[in-house]
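Chemist: Structure below; questions to follow.
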(Lines of atoms letter the chains of each structure in order from A and count residues from 1; the text may use other names and numbers.)
(Lines give C-alpha, C1' and ligand atoms only; values in the text may rest on other atoms or scores of the structure.)
Protein backbone atom coordinates (compact mmCIF):
# COMPACT_ATOMS: atom_id res chain seq x y z
CA UNK A 1 0.00 0.00 0.00
CA UNK A 2 1.44 3.36 -0.99
CA UNK A 3 1.01 6.03 1.64
CA UNK A 4 1.35 9.76 1.13
CA UNK A 5 4.73 10.12 2.82
CA UNK A 6 7.72 11.40 0.90
CA UNK A 7 10.99 9.52 1.23
CA UNK A 8 14.51 9.15 -0.04
CA UNK A 9 15.23 5.87 1.74
CA UNK A 10 13.18 2.96 3.09
CA UNK A 11 14.31 3.73 6.65
CA UNK A 12 12.22 6.91 6.54
CA UNK A 13 9.14 4.82 5.76
CA UNK A 14 9.43 2.35 8.62
CA UNK A 15 8.01 4.66 11.34
CA UNK A 16 5.38 5.98 8.93
CA UNK A 17 4.25 2.49 7.95
CA UNK A 18 4.30 1.37 11.55
CA UNK A 19 2.05 4.27 12.51
CA UNK A 20 -0.24 3.98 9.50
CA UNK A 21 -0.54 0.23 9.10
CA UNK A 22 1.22 -1.46 11.99
CA UNK A 23 3.91 -2.96 9.77
CA UNK A 24 7.64 -2.33 9.63
CA UNK A 25 8.01 -3.76 6.13
CA UNK A 26 8.51 -0.66 4.03
CA UNK A 27 10.05 0.44 0.76
CA UNK A 28 10.59 3.79 -0.91
CA UNK A 29 9.23 3.79 -4.46
CA UNK A 30 9.29 6.86 -6.71
CA UNK A 31 9.73 9.11 -3.67
CA UNK A 32 6.72 7.71 -1.82
CA UNK A 33 6.53 5.16 0.94
CA UNK A 34 5.08 1.76 0.25
CA UNK A 35 4.02 -0.47 3.13
CA UNK A 36 3.70 -4.24 3.03
CA UNK A 37 1.47 -6.14 5.44
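From the backbone N, Cα and C atoms, a Cβ is placed for every residue, glycine too.
According to Swiss-Prot, the protein carries these features:
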type: DISULFID; residues: 7-28; note: disulfide bond
type: DISULFID; residues: 13-33; note: disulfide bond
type: DISULFID; residues: 17-35; note: disulfide bond
type: SITE; residues: 27; note: site 'Basic residue of the functional dyad'
type: SITE; residues: 36; note: site 'Aromatic residue of the functional dyad'
Chemist: At 10 angstroms around each C-beta, which of the disulfide-bonded residues 7, 17, 28, 33, 35 has the fewest other C-beta atoms nearby?
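Modeler: Sparsest of the disulfide-bonded residues 7, 17, 28, 33, 35 by Cβ contacts within 10 Å: 28.
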Chemist: Let me know the DSSP-derived helix, strand or coil state of residue 13 (disulfide bond), please.
Modeler: helix
Chemist: For residue 7 (disulfide bond) and residue 33 (disulfide bond), determine the Cα separation and express it in whole Å.
Modeler: 6
Chemist: Given residue 17 (disulfide bond) and residue 33 (disulfide bond), what distance in Å do their CA atoms have, once rounded to a whole number?
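Modeler: About 8 Å separate the Cα atoms of these two residues.
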Chemist: Cα distance, residue 27 (site 'Basic residue of the functional dyad') to residue 33 (disulfide bond), nearest Å?
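Modeler: A Cα-Cα distance of 6 Å.
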Chemist: Determine, using Cα-Cα distances only, which of these recorded positions is closest to residue 36 (site 'Aromatic residue of the functional dyad'): 13, 27, 28.
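Modeler: Comparing Cα positions, the candidate nearest residue 36 (site 'Aromatic residue of the functional dyad') turns out to be 27.
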